[in-house]
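J.: Take a look at the following structure, please.
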Amino acid sequence: MHRYRTHTCGALRDSDIDQTVRLSGWCHRIRDHGGLLFIDLRDHYGLTQCVADPDSPAFKDAEKLRAEWVVRIDGRVRRRPEGTDNDDLPTGKIELFITEIEVLGPAGELPLPVFGEQEYPEDVRLRYRFLDLRREKLHQNIMTRGAIVDAMRARMKQQGFFEFQTPILTASSPEGARDFLVPSRIHPGKFYALPQAPQQYKQLLMMSGFDRYFQIAPCFRDEDPRADRLPGEFYQLDVEMSFVTQDDVFAAMEPVITGVFEDFAKGKRVTKGWPRIPYADSMRKYGTDKPDLRNPIEMQDVSEHFRGSGFKVFARMLEEERNQVWAIPGPGGGSRAFCDRMNSWAQGEGQPGLGYIMWREGGEGAGPLANNIGPERTEAIRAALGLKAGDAAFFVAGDPSKFVKFAGLARTKVGEELNLIDKDQFALAWVVDFPMYEYNEDDKKVDFSHNPFSMPQGGMDALLGQDPLTIKAFQYDITCNGFEIASGGIRNHRPEAMVKAFEIAGYGEQEVVDRFGGMYRAFQYGAPPHGGMAAGVDRIVMLLCGTNNLREISLFPMNQRAEDLLMGAPSQVTPKQLRELHIRLNLPEN
């Protein structure tokens with residue numbers, strides 16, 4: 001017999017009755033039923049009920065066991081007594097009558113229980129992550145993550161992609177966030193950087209004659225903590241292709257992402273034939289560039305119905321050309337209580353309020369706005385929005401660039417409050433035609449809005465002849481249920497166009513050469529047209545596992561203060577290590 005086990009804790013069935021077997025695992029739960037001891041023994045594969053009565057030679061040993069002790073149990077498989085089957089367990093028809101117990105690893109008092117799914121403070125869960133990972137839901141999430149990554153790999157290979165690994169130690173580059181820097185011992189005063197993404201390397205692969213690349217790539221960004229992003233590191237499905245247009249990238253990747261979602265959707269519908277939404281339309285209709293299309297609400301510009309109207313607040317705003325009035329339809333929201341609740345919510349978001357119109361039976365509009373603009377304009381708004389009796393509409397006004405974020409939040413709030421969001425689907429879409437540049441209010445300059453390596457629509461002619469803020473890029477995102485899950489673009493593969501694109505954003509040619517020397521040199525020796533994307537593995541797994549917390553799908557995540565409480569990172573290093581790196585600390589006084 002094997003030293004530790006003949007079967008796993010999820011393997012035994014009623015076909016094994018009367019066999020003598022050996023199991024090893026953790027004591028998941030121990031119950032004393034009037035002298036009869038039940039031990040639920042758990043391993044990675046499942047759970048088996050083990051039982052000892054006072055006649056068992058192992059009864060005294062069984063009495064000493066405690067939760068999460070690791071034990072080896074020998075015994076005889078028998079049918080559970082009539083009426084005690086557990087249909088929730090694959091092993092639920094049998095139990096193991098214990099004949100021998102060996103303690104392999106006792107456990108101290110537990111800082112958090114493994115049995116059950118009780119909520120515990122996050123810091124406790126992260127400090128004792130090895131216990132947390134034994135809990136059923138988190139353990140299953142990690143296994144699902146592995147299966148999703150396997151599915152991604154398989155589907156990428158079916159599409160003709162080849163997997164390569166790019167370097168982890170690389171050069172620092174301005175890709176939008178701070179780099180994690182690694183000092184060089186051999187080259188005093190110089191630093192490597194951990195890659196924010198394999199962007200330059202994957203483009204260099206295309207210039208090296210490879211055609212279709214992918215990898216599950218670790219990425220590192222020294223960013224301030226955010227609720228929707230783990231500090232430090234994340235993983236992406238990184239992709240690049242040669243001799244492709246934007247449509248070619250879509251044709252290659254849409255089946256991969258759709259297929260992965262269908263594999264793990266657990267009965268939810270998955271969009272087929274994704275819509276392609278221009279960035280400007282997404283912002284106007286949904287108030288965001290990552291729309292949740294499960295929410296049917298689409299906002300509309302209704303400025304014409306308030307221009308010159310009796311509602312002077314909006315009418316005066318509209319005298320300035322840049323200002324607009326947008327309507328947020330609220331199907332079924334035509335009650336005074338709901339409209340007042342939305343108004344209070346808006347005030348809690350720092351707004352002066354949220355104007356509204358309700359429609360009564362017969363189509364009559366009600367509320368302060370309706371009273372001020374009159375029945376004709378009120379009816380025109382109702383018709384434009386496709387609303388009926390019992391519905392409402394909410395209004396935001398001013399400069400859209402200032403109110404668009406709030407309008408998007410209001411659309412989401414209305415959808416949630418009125419139960420309009422279809423929770424039984426994964427609504428996937430492409431968002432396309434992103435602006436190449438944006439105006440940076442902090443630095444008072446034009447800057448890249450997304451990836452600086454994207455091809456401008458119109459190429460060099462656009463860079464030379466257009467207002468930079470009107471140039472669109474061959475740049476695209478994939479969105480799902482309100483999350484951006486992938487981003488990509490067709491690359492700017494001509495060196496003169498690359499230099500001009502960076503010049504517009506305030507980078508001189510020498511800085512481009514210094515920062516991106518390897519790629520810039522490669523452009524001089526025949527660079528193919530190429531493009532690609534990167535999909536966020538963590539976010540995709542989070543959506544498919546049905547959680548809204550990235551820590552619930554990550555093995556050993558940091559907390560929101562970018563600390564690894566289990567390993568004690570970041571940590572101090574010895575003076576000797578600092579001397580070897582020629583580093584002297586200059587710590588803040590406080």
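Yeah, the Cβs are placed from backbone N, Cα and C, and that goes for glycine too.
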J.: Check Swiss-Prot for me: it has Arg221, Asp222, Glu223, Gly536, Val537, Asp538, Arg539 binding ATP, so pick out which one of Glu484, Glu580, Glu589 it puts in that same site.
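T.: So, going by the record in Swiss-Prot, that would be Glu484.
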J.: Looking only at the region 'Aspartate' (199-202), what is the mean pLDDT?
T.: 94
J.: Cα distance, Asp538 (ATP binding site) to His33 (site 'Important for tRNA non-discrimination'), nearest Å?
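T.: Each residue's Cα considered, His33 (site 'Important for tRNA non-discrimination') and Asp538 (ATP binding site) end up 44 Å apart.
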J.: Around the C-beta of Glu484 (ATP binding site), how many further C-beta atoms are within 10 angstroms, looking at every protein chain?
T.: 17
J.: So, three-state DSSP: helix, strand or coil for Glu223 (ATP binding site)?
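T.: Where Glu223 (ATP binding site) sits, the three-state DSSP reduction gives coil.
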J.: Could you check the recorded positions His33, Arg221, His450, Arg491, Arg539 and say which one's CB has the most other CB atoms within 10 Å?
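T.: Top count of Cβ atoms within 10 Å goes to Arg491.
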J.: Using C-alpha positions only, work out which of the recorded positions Gly83, Arg221, His450, Arg491 is nearest to Arg539 (ATP binding site).
T.: Arg221
